[in-house]
């Protein structure tokens, strides 16, 4: 990937927003290091051990109460949008999504995506979940505003010195917060609607709005309570009132930073406040205990609940939810294990740079030689470093990442015992190994790990992890005098040299991964298919059902073949849009892998992989890959088995055929081998048709006049008194199932019914050839609903369909095809998340029209 592509336009903004959390995190580590510069990690461990058991139990009880209150966010939101679920269902979804998002943030699983996947299994539609998420966020901030307005208005909160707010400034903040509370209540009473993103819905009634304040305030106060009960209450300056103010300020900084769980940012603010009161050792111990109880423990419980939920839901999911919205267990398994494996890597890395327990080391040396201890300690850290990029491979469902992750987890578990008798992490890693072992089928992509390109967010996540490991290593051994000889020192209790060697191993592994990523070709390999590729396409088309793949015969699109050579997809590139034309052709499983390959390829160059004019058969697969869908029209299909020119209903068909027959028109089908002899006359008809329509040739999703292309298909010809007046090249699949046409052109002087004549003869000919159906092609923007709650694209598309005759006869296309009584099949465009949708439409139009000028000039 070229460096210039990173620092350009939207890429630069995306890069900056991705790096901001890293900068916050770095600043927080600097602040913590300065505050704890004289503190040893063993002192922090001792202080944690000194926290009384009754305070720990009370903190756990308040944590439980806090997460129960958090479930009421979803309960209230469901009431507001008029949906009802059992509390057990709502609570489960709320707890799992909230506990995971509190720790992971947006790097792997967001609260929104989890809520959608879990709620969809209880019958809620995406538009419902799209309302629940912002309503939960709104409730979250209402409690903050209410409590903050009371605390900050009094002006007695002593914020850390580095927060530049005088007491009068704090009071102003409190007054502003109070005014926001009043403003919200006024909006509620007025009965107005609010618009969040693209969704519009009414505010809750006053009783529900008041409950929002109550629930959110209880949530905030319980979260403060968990931290407060861990503190010594006899110390002056530690009161619930003061801790609440500082805690809320710390949480805001954590949220603004966008660091997952506010890691480091929240901690630094709390440590800065507490250090002058209880000492740096105690402040660090209390903050660490709070993070353990309120963040990590619920996170682990939520992961277990999520796995159990998926297992239980798997058997009944198809009966509960429309298939269109079902993501399936295959959607959640890869990101869950990506998160687990990433955590497993962190466990090994942290263990590798922190001191071991002396008593365990004394026991270990009696059974394992010191060189083995040293070697396995180094290898355990390397295994931990390997797990970080492997987790990304699991997220991308790569089978190589699956096998290597199993090996690294098993080795990490073994090395944890041989390096320091760390049975806790050995058990943890071995459990991860056992959980991952039976999940082979979810990691089906047979691609090389060296071909993957890490997203900016993932690079930042790895960077934050490594910075933390480096900081933790030097913090744990800050009293050691570093020298060039330290690296080579070997002794049973030589923890600092061992940590230094582990750090070098970690950096070498990740540096090697980075070099492999950077030495790849900076530009995509773009080449139109040659004779060999076109022959391969023809062989595949001869075996598949459906005519959509016939567009590949144009030779104007890139082709991507499966390793077996039995499947392919075709795509074009315009700007950042990598548009796949139609569904992959051939084997369904191979088609899925081809889409993943294209997605990886486009990711390397910050492209947007888009699927254009796809049907409904593979929507669940595309949804699993993270695509969202917009309907772009409907395809007309004529049932040839039931088509007949006999009977009363076919009277108008017979009239057209007889009328043009009496005028000297006749129809014939030319085999592909004889098309070459008629190319000159075909060209004359085509040129006259283009001139009469004042149009230019298109491409990508439709054919154009090309001699090499036309010679590959049969051609329907219409003569009038031996003069060629119309033609259509025929698409026929290799199974005898579907028939269609691409180019249909005629002289401007012929009968107005010439297209009817062509189609009716083609229907009859197709029926004689025992084809099952005739594909009349798509009616653009047909079938889009313009309802109040319809997506913005549907509304715009429906309006264009109804009122856009000046630009294109959208309604006329459908009305014309309706005369043949077809049934209609929906066609969609599948878009990746967080991209410029309307820019994609423009770039696809550019592909079809041969450039931006072609869009305007017809």
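From the backbone N, Cα and C atoms, a Cβ is placed for every residue, glycine too.
No curator has checked TrEMBL annotations; they are predicted automatically.
A quick note: this is a predicted structure, and the numbers were derived from the prediction, not measured.
Residues annotated as transmembrane segment in TrEMBL: 15-32, 53-73, 132-153, 165-187, 208-231, 292-311, 375-395, 402-421, 427-444, 456-475, 495-519, 835-856 (among others). The domain 'Phosphatidylglycerol lysyltransferase C-terminal' feature in TrEMBL is assigned to 546-830.
The transmembrane segment (165-187) shares more Cβ pairs under 8 Å with 132-153 than with any other stretch in the list 132-153, 208-231, 375-395, 427-444.
Outside the transmembrane segment (375-395) by six or more residues, the chain places 108, 334-335, 337-339, 341-342, 344-349, 351-353, 401-402, 404-405, 408-409, 411-412, 414-416, 418-420, 443, 449, 452, 454-455, 458, 462, 465, 498, 501-503, 505-506, 508-510, 513 with a CB less than 8 A from a CB of the stretch. Among the listed stretches 53-73, 292-311, 427-444, 456-475, the one sharing the most Cβ pairs under 8 Å with the transmembrane segment (402-421) is 427-444.
Most Cβ pairs under 8 A with the transmembrane segment (292-311) among the ranges 53-73, 208-231, 427-444, 456-475 are made by 53-73. Only sequence-distant pairs (6 or more apart) were considered; of these, fewer than three Cβ pairs between the transmembrane segment (208-231) and the transmembrane segment (456-475) are under 8 A, so the stretches are not in contact. Long-range contacts of the transmembrane segment (53-73) within its own chain (CB-CB distance under 8 A, at least 6 residues past either end) are made by residues 87, 90-91, 94-95, 98-99, 135-136, 139-140, 215-216, 218-219, 222-223, 225-226, 229-230, 289-290, 293-294, 297-298.
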